[in-house]
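Per TrEMBL, the feature domain 'TOG' maps to 245-476. TrEMBL lists 628-647 with the feature region 'Disordered'. Positions annotated as repeat 'HEAT' by TrEMBL: 24-62, 101-139, 178-216, 217-255, 256-294, 295-332, 338-376, 377-415, 416-454, 494-532, 533-571, 572-607.
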Amino acid sequence: MAGAAGPGTLPGAAGGGGDDSLYPIAVLIDELRNEDVQLRLNSIKKLSTIALALGVERTRTELLPFLTDTIYDEDEVLLALAEQLGNFTGLVGGPDFAHCLLPPLESLATVEETVVRDRAVESLRQISQEHTPVALEAHFVPLVKRLASGDWFTSRTSACGLFSICYPRASNAVKAEIRQQFHSLCSDDTPMVRRAAASKLGEFAKVLELDSVKSEIVPLFANLASDEQDSVRLLAVEACVSIAQLLSQDDLETLVMPTFRQAAEDKSWRVRYMVADKFSELQKAVGPKITLNDLIPAFQNLLKDCEAEVRAAAAHKVKELCENLPIEGRETVIMNQILPHIKELVSDTNQHVKSALASVIMGLSTILGKENTIEHLLPLFLAQLKDECPEVRLNIISNLDCVNEVIGIRQLSQSLLPAVVELAEDAKWRVRLAIIEYMPLLAGQLGVEFFDEKLNSLCMAWLVDHVYAIREAATNNLMKLVQKFGIEWAQNTIVPKVLVMANDPNYLHRMTTLFCINALSEACGQEITTKQMLPIVLKMAGDQVANVRFNVAKSLQKIGPILDTDALQGEVKPVLQKLGQDEDMDVKYFAQEAISVVAQRLRKLDFPMKDSEEPSVPEAKNHFLRPRVPEEDTGKAQRDRAARVASKEAVEAAQSRALGYNCSKGPAYRLHVNTRDTLAQLEIAEQVHFSQSRD
């Protein structure tokens with residue numbers, strides 16, 4: 001299929017005689033042999049359309065042989081083909097003819113690219129379900145045998161995923177052959193094949209008879225778990241969980257646990273990591289008795305492993321392990337055997353270990369109860385709140401609700417607050433951003449009185465942070481706090497402090513006032529917006545910085561739907577009309593947009609407007625003055641327009657200099673940037689001036 005047509009031939013190419021209605025199908029067929037990879041890929045994705053047009057008989061006798069003979073193509077084309085063939089049973093005549101799909105999928109299961117093979121195996125597994133037992137033994141089982149005995153490791157790895165599908169419906173004689181084939185693959189000379197067999201060992205064990213599991217699967221598991229390649233041994237650990245679910249307690253103790261103990265102390269940290277990662281699943285599979293006798297000692301060793309990755313994986317499982325312990329005696333086991341090791345991990349040298357522990361340790365409070373939490377866990381929580389790693393502190397703060405249910409947040413407040421303040425003032429802005437996201441959660445736990453006393457000033461300080469992302473997050477944070485504490489709290493506590501910022505000498509902070517009003521207006525309602533916020537917005541329309549003025553227009557557009565007709569007609573519209581005549585092109589553009597919104601609002605309220613008051617966008621060559629196209633990304637459009645204007649002015653200035661004009665006497669033209677749209681404009685402390693001369 002790659003470029004030229006392969007040995008297969010397919011009638012019906014475009015340009016031949018016949019029914020004109022089949023011409024589109026002929027085009028798709030021709031594209032299967034096209035040199036362009038994208039055309040071949042598109043045609044493969046429409047393979048079901050081609051098959052429907054050809055009919056079931058021609059699909060079986062012409063299309064499938066053609067595909068089988070020409071499987072030499074780009075990986076993305078082969079992947080699409082493998083996916084399509086899995087849903088082709090109905091297009092070849094139903095389950096009775098499902099075996100016709102096996103040859104192309106068999107070829108795909110032997111290619112070098114792993115994702116193509118995996119998708120082909122998935123399609124084969126799907127098609128096998130539609131075979132009758134007779135057809136399965138006649139067509140599917142021979143395919144599995146051919147793959148399992150192939151010369152290349154690629155076919156043998158694919159075969160490993162097919163044994164569990166065909167085994168349950170095979171006859172006893174065929175079952176014995178299948179088990180023998182799988183045994184051979186488990187001891188294959190190629191590590192890749194042994195890895196594939198180890199990954200499917202648990203799945204295969206689930207469909208075998210219990211006697212076969214004991215006599216054949218368990219020895220295979222023991223061999224794979226002691227393989228020379230650690231990549232094989234760690235996959236055997238996954239199979240351990242599935243095998244453990246099938247055996248009795250006595251069989252587990254004698255057949256599986258010796259191998260598990262060996263894996264838990266394996267020389268490779270990757271194997272030990274896999275043991276730690278699968279620990280909770282294995283604990284559920286083996287039951288409480290073996291857990292107490294074998295798993296707890298192994299878990300203790302994992303918690304103090306020499307490799308940080310292993311300790312971190314084990315720390316992640318602390319809460320699950322404790323929850324799954326038998327209720328009777330659980331507290332004693334945790335206090336005596338688990339908690340001492342947890343205390344050591346709190347001061348671990350690796351931050352990933354401490355962070356993993358911090359994400360789950362709070363959950364132990366609900367298991368151990370109030371007294372044990374206060375006496376034993378609370379000191380650990382407080383130590384982690386003071387940890388030098390920000391992630392550790394954040395993980396503790398984000399899970400405080402668990403402790404709140406047990407002992408109440410008041411007992412933590414004295415130690416919690418310094419950690420919160422330290423995070424809020426961290427030098428890294430991403431850390432500050434993260435703590436802002438947890439502020440509504442903390443506010444709900446602390447209550448309005450404590451919040452006003454300790455954290456309110458912190459939230460207001462974020463509004464004047466030097467990083468725009470922090471100011472934006474702080475604005476959204478205020479809205480969430482208002483939703484949590486109510487309108488009356490906002491009116492008395494937040495709104496006055498926000499409005500004071502309108503007089504700040506820094507224009508970025510004045511714009512933050514507008515952003516806060518945009519966010520708070522909907523939460524606070526019409527009365528507060530009209531009486532307290534609107535006058536400030538209208539006053540800022542006379543600001544000397546154009547960026548502030550066009551954000552006033554945007555704010556009036558935002559809060560317009562909340563205001564009543566009197567405010568819109570008497571106060572908002574005159575200000576917008578004045579801004580519409582502003583000398584700055586950006587201000588004009590956003591004022592015209594806002595006038596359109598206000599006009600629509602007034603029409604909905606049946607408020608009469610004169611024809612002369614209908615908004616119109618003035619014709620101009622400048623990109624800022626064109627009407628906005630629906631669904632347009634306004635922020636991106638603004639950036640593009642700003643870039644084009646700046647570039648044009650810079651070019652004109654350069655041309656003027658080249659022609660010998662005295663540029664120093666030319667008027668200064670300002671480039672205004674919408675600082676709300678992107679972090680790239682981050683903290684523009686002053687306006688940028690371009691000198692330019694004109695004739």
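A Cβ is built for glycine as well, from the same backbone N, Cα and C atoms used for every other residue.
Note that the structure is a prediction, hence the values are computed from the model and not measured.
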Segment proximity, the repeat 'HEAT' (416-454) to the repeat 'HEAT' (338-376), 3 or more C-beta pairs under 8 Å: no
Averaged pLDDT, computed only over the residues in the repeat 'HEAT' (416-454): 79
DSSP-assigned states of the repeat 'HEAT' (572-607) in counts, ordered helix, strand, coil: 28 helix, 0 strand, 8 coil
Helix, strand and coil counts within the repeat 'HEAT' (416-454) (DSSP): 34 helix, 0 strand, 5 coil
